[in-house]
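The structure under discussion appears below in the form of structure tokens.
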Amino acid sequence: MGGDEENYYGKHGTPQKYDPTFKGPIHDRGCTDIICCILLLTAIIGYVIVGVVAWTHGDPRKVIYPTDSRGQFCGQLGTPNEDKPFLFYFNIMKCASPLVLLEFQCPTKQICVSKCPERYLTYLNVRTQPKDFEYYKQFCVPGFNNQQKSITEVLRDGDCPAMITPSKPLARRCLPAINTKKGIIMVGNKTTFDDGRGQLRNVTELVEGAKKANVVLEARQLAMKIFEDYTVSWYWIIIGLVIAMVISLIFIVLLRFLAGIMIWIMIVLVILVLGYGIFHCYMEYARLKGEAGSDVSLKDLGFQTDLRVYLHLKQTWLAFMIILCIVEVIIILLLIFLRKRILIAIALIKEASRAVGYIMTSLVFPLCTFFLVCLCIAYWASTAVFLSTSNEAVYKVFNESICDYAGQTCIPETFNMTNITKQCPDARCLFAFYGGETAYHKYLIVFQIYNAFMFFWLANFVIALGQVTLAGAFASYYWAFKKPEDMPAFPLFSSFGRALRYHTGSLAFGSLILAIVQIIRVLLEYLDHRLKAAENKFAKFLLTCLKCCFWCLEKFIKFLNRNAYIMIAIYGTNFCTSAKNAFFLLMRNIIRVAVLDKVTDFLLFLGKLLIVGSVGILAFFFFTQRIKLVQDTAPPLNYYWVPILTVIVGSYLIAHGFFSVYAMCVDTLFLCFLEDLERNDGSSEKPYFMSSDLKKLLNKTNKSHSDA
């Protein structure tokens with residue numbers, strides 16, 4: 001046995017020896033991983049330069065305003081198009097061309113107009129009707145004079161559209177006002193129309209053009225409805241999030257004094273909440289029996305933007321009920337088989353509650369981390385928008401007939417003086433898209449990848465800084481033999497100062513490794529999206545395997561980094577040494593890690609689940625107007641799931657913010673607990689630093705001189 005134990009410890013490092021001078025986080029330490037610190041500072045300087053260049057060249061108006069054939073914005077203040085907010089297509093049917101999907105622009109002239117056409121007219125008819133022509137003229141190019149050209153020349157030069165149809169603005173673009181009666185598609189109560197060139201066309205051709213005119217119009221319409229829901233429900237969402245914050249705070253405070261009771265109450269309440277969810281799903285399922293249309297399957301219904309439709313199907317509630325039953329059974333089985341370990345986990349959570357109680361500023365510290373992460377997100381998002389809009393207007397030759405010059409770039413000011421108009425009389429030099437041929441424009445994709453990479457690196461660095469700070473504060477609590485007398489005056493601020501002064505490089509190293517894995521995962525997701533239409537099954541299989549492997553690698557690195565940061569906070573060693581020592585310490589106590597640490601994570605997860613579930617149920621009953629006392633108070637909504645999901649996600653983030661302090665505290669105390677067992681034996685010379693509750697559960701005691 002002795003040889004086996006020696007061989008085991010040889011594989012996983014040497015256990016810590018007793019050190020009478022060790023009293024917690026070491027104060028006499030030096031700077032670690034300086035090269036990574038310099039690399040981070042250099043990368044940040046480069047990131048700032050990329051941001052400045054993007055802000056110099058970028059123009060977010062390209063996202064907000066539609067652009068006419070001259071590259072001018074519709075509806076922008078201070079321009080000739082200030083009173084013309086809508087984009088009008090001369091021939092919407094040309095938008096059905098595959099060219100739209102390749103170059104994101106219809107091969108037809110587009111102008112900015114003050115309002116969309118409300119009547120059906122053709123240029124041939126209005127030419128002899130002065131009153132109609134005055135109305136029609138607003139949809140011709142600015143400055144058009146019908147006295148100088150014949151009808152043929154006007155249509156050939158694209159001065160006026162051959163026809164206009166009743167249209168409605170959608171995402172600031174005039175699209176045909178299509179309606180259906182008894183399954184028949186019509187525009188202006190007609191199924192056919194004159195295209196203005198003497199041909200009778202079917203309305204379905206307008207429909208196809210409208211569909212391709214902007215591939216994201218339907219998504220934008222959905223986004224507008226969601227935005228409307230937020231405008232009428234934002235204050236109720238804030239109230240819901242405040243309720244979640246109050247419940248989380250009360251829960252944390254109660255854990256400080258009644259950890260054991262609160263954990264058991266939490267377990268019972270989670271089981272009851274899930275039980276009520278199962279009962280509610282069953283009642284809804286039973287109520288829908290016999291109702292017309294409730295037997296339609298989810299597969300037959302397909303995707304619907306209005307999620308309320310799904311709540312009228314029996315299959316939806318049956319699926320919810322089965323999922324909740326599975327979760328309920330899993331939780332009950334885990335509680336039965338892990339009941340003994342739960343007692344130790346509760347003792348560890350009690351110890352964490354005492355530590356948080358002595359260091360109350362730790363509950364506020366996640367707000368600092370949250371603020372810094374928000375800054376990273378804001379900088380990344382603004383830089384991404386400016387980079388994506390920093391292209392220049394590119395004009396290309398568009399034509400209806402076959403032409404050798406089609407698709408080539410052109411200059412609108414000099415186009416009519418080139419040979420292209422002679423060889424291709426119907427060719428037009430129109431705005432195609434935003435791009436560019438300079439070195440800056442060629443490397444835009446590289447800048448976008450760098451922007452995303454730096455976001456991951458800085459966000460991970462901020463999170464790592466928060467973890468090291470909390471770990472150092474809680475470690476100073478554990479290794480104080482007399483609590484709180486032996487603790488430093490300001491443990492959190494002392495730990496924060498040590499982390500920034502000595503270990504910026506180590507934090508940069510750990511967050512860099514994680515950022516590399518995350519950016520690879522993003523690139524794999526992009527490749528997967530591009531290969532969706534491909535028929536190569538091997539490539540899809542290989543990509544799926546790579547995505548799975550890198551997902552697992554990211555989870556492992558996060559786990560290793562977290563424990564390495566705890567070691568950095570305590571011993572002040574560099575990242576690699578800390579990661580190795582933490583990993584070997586955990587491997588030497590693999591049974592305790594696999595069971596005890598994960599049980600505490602499970603219990604803390606139940607706490608989050610209870611808070612999110614309670615607030616989520618309350619939000620569901622309020623926004624669906626099922627609470628009679630406040631039935632008239634709930635705002636009218638397009639999709640009531642919008643505020644409900646927002647409250648649920650927000651509640652989870654709030655609960656996670658509070659419980660993340662506990663989770664870091666538990667992880668730190670757990671590593672300190674394992675080291676305590678290796679360093680000390682409970683004798684008067686080597687007393688344990690753990691609490692009396694943990695000693696009792698582990699049958700460990702500090703021996704007196706007489707016992708020795």
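Glycine residues also receive a Cβ, built from the backbone N, Cα and C atoms like all the rest.
Any TrEMBL annotation is an automated prediction that lacks curation.
Sequence annotations record features per position, and here TrEMBL assigns transmembrane segment to 34-55 (among others). Below 8 angstroms of C-beta separation, residues 379, 382-383, 386-387, 390, 440, 447, 450-451, 454, 457-458, 461, 504-506, 508-509, 512, 575 of the same chain, each at least six residues beyond the ends of the transmembrane segment (34-55), sit close to that stretch.
As annotated by TrEMBL, transmembrane segment applies to 234-254 (among others).
Sequence annotations record features per position, and here TrEMBL assigns transmembrane segment to 261-279 (among others).
Under the heading transmembrane segment, TrEMBL lists 317-338 (among others).
The feature transmembrane segment is assigned by TrEMBL to 358-381 (among others).
Residues 22-25, 40, 43-44, 47, 352, 354-355, 358-359, 362, 365-366, 368-369, 372-373, 376-377, 379-380, 487-488, 491-492, 494-496, 498-500, 503, 507-508, 510-512, 514-515, 518-519, 561-562, 565-566, 568-570, 661, 664-665, 667-669, 672-673, 676, 687, 689-690 of the same chain lie 6 or more positions beyond the ends of the transmembrane segment (454-481) yet place their CB under 8 Å from a CB of it. TrEMBL lists 454-481 (among others) with the feature transmembrane segment.
For 502-524 (among others), the entry in TrEMBL reads transmembrane segment.
If you look at the transmembrane segment (564-587), the same-chain residues 6 or more away from its ends with a CB under 8 A from one of its CBs are 11-13, 16, 24-26, 29-30, 32-33, 36, 464, 467-469, 471-472, 475, 495, 498-499, 502-503, 505-507, 509-510, 593, 667-668, 671-672, 674-675, 678. Annotated transmembrane segment per TrEMBL: 564-587 (among others), in sequence order.
Remote same-chain partners of the transmembrane segment (599-624), defined as residues 6 or more beyond its termini with a Cβ less than 8 Å from a stretch Cβ, comprise 233, 236, 240, 243-244, 247-248, 251, 263, 266-267, 269-270, 273-274, 276-277, 331, 334, 338, 341-342, 344-346, 348-349, 630, 634, 637, 640, 643-644, 647-648, 651-652, 655-656, 659, 662-663, 666, 670. Positions annotated as transmembrane segment by TrEMBL: 599-624 (among others).
Per TrEMBL, transmembrane segment is recorded for 644-674 (among others).
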- [ ] Can you tell me which of 234-254, 261-279, 358-381, 644-674 gets the most C-beta pairs within less than 8 Å of the transmembrane segment (317-338)?
- [x] 261-279
TODO: Count, for each of 234-254, 261-279, 358-381, the Cβ pairs lying under 8 Å from the transmembrane segment (644-674), and report the range with the highest count.
DONE: 234-254
Task: Remote residues contacting the transmembrane segment (234-254) - C-beta distance under 8 A, at least 6 residues beyond either end - done: 262, 356, 363, 607, 611-612, 614-615, 618-619, 622-623, 634-635, 643, 646-647, 650-651, 654-655, 657-659, 662
